[in-house]
Amino acid sequence: MGGPAVGQTADLRSDTLTRPTTGMRAAMVEAEVGDDVYAEDPTVAALEEQVATLLGHEAALFMPTGSMANQIGLRLHAGPGSEVISDHLAHVLRAELGAAAAFSGITTRSWVAERGRLDVDTALAVMVPDGGAYQVSTACVVVENTHNFGGGTVQPLEDLRRLREGTLAAGVGVHLDGARLWNAHVATGVALADYGACADTVSVCLSKGLGAPVGSVLVASAERIAQARILRKRMGGGMRQVGLLAAAGRYALDHQLDRLAEDHRRTATVARALGEAGPDVVDPEQVHTNILVLDVGAAGWAAADFVAAAGERGVLGYPTDARHARYVWHLDVDDPMTRHAQDVLLELLDRGGVAP
Ligand SMILES: *Cc1c(COP(=O)(O)O)cnc(C)c1O
C-alpha cells in the first residue's frame, strides 16, 4: 500500500484536534470584549445565554475546559465525604486525574457498563441516598452522553428520563457530562432542552466536534451558577477579555453544529465496511455518532501495535486499552481521508496481528 499521499494523513486521534475555520477566526477578531471577571464581557454573556436557552436551563457559565465544567458541576452537588457514582468508563472518573477527590474530597463508585450504555436499574441500585452514620451518601449520579470511551454511544431519552425520576424521588442529583451532547442531538433529533431537562447540571464542550479552539459551558439554575462562578474563580478559572474565545463558541453553534451529521455519516460508512469484514471487531449497529472503537484484539492485534501500524500508513488513532483502538471523525477529516482510513484499517484487520 505504501505511505499516504501528501496531505492525506487522517488524524482521527480525537475530535479535539480541529483547528478554527476561517469564518471562526474572523468572528474571534471582531468580538466585542470586556473583563469577564467583572461579568462585563458581552460576547461571553451572549454565549452563556445562548447555551442556557438551548439546554432549557436558567443560567450558564463559560469555562476553559470540560474537565473544569464537570468538576465544578460535581462540586455543586457533592463535597468532602459524599460520593458521586457513574459507570466505569466515565470521563469524570477516568480521565480527569482524580480531580473529584483531589480538589473536592469527593469519593466515587462505579459499575461496569458495556459501551458506556446507561443502566438505570444498576445506577439506582448502587445509589445510597441517605447513608446515615454508616455508609457514604450519594450526592449525584453522572451520565455521559454521548459516551466517549463507550464509543460515542447515545443514551436513550427514555432511560435518561427514568433515571431522572428515580433520582428526584430519592433526592439525589444528576450531572450530565454532555461534552458531545451536540452529537447525540444531531444523531437522534432529540431537542437539546429535552436532554437538559434530565439533569440538574450539564456540561457541554465547544472544543470537540464543534471546532472551537477552547471552551466549555456549564448550565444549571441561576443559584447554582452563581455558586459556580465563585468556584471557578477559586480554581483559577476567572478569565478576562475572553469574549475572543466565546466568539469562537458562538460561531461554532451557529455554523458548525449541523455538520456533525457529516462526521456521523463518515464514521458509519467505515463502521459498515469494517463490520462486514470483521463482525467481532465492530458492530455497526453500535456505532451511533463520530467515534469508532474497534476491538482489534478480536483480530489478533494488541491495540498499541495496531494504532502504530495504521499511523505509519497515515491513519492516526488512539489505543483506549490493550485491545481497543479508537478513531474519531471531525471537521478536518473529509471523504478522501475517510476512504484512505477505511482502506488502511481494513487491510490491517484482514492481515491480523502478527507483525510483518
Ligand atoms: C473531552 C471530554 C471532557 C472534557 O475534556 P477537557 O479536555 O477537559 O476539555 C469531558 N467529558 C468527556 C466525555 C469528554 O470527552
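Backbone N, Cα and C define each Cβ position, glycine as well.
Caution: TrEMBL annotation is automatic and unverified by curators.
The domain 'Aromatic amino acid beta-eliminating lyase/threonine aldolase' annotation in TrEMBL covers 11-295.
The secondary structure of Lys208 (N6-(pyridoxal phosphate)lysine), as reduced to three states from DSSP, is coil rather than helix or strand. Taken from TrEMBL, the feature N6-(pyridoxal phosphate)lysine applies to Lys208.
Here the domain 'Aromatic amino acid beta-eliminating lyase/threonine aldolase' (11-295) has a mean pLDDT of 97 out of 100.
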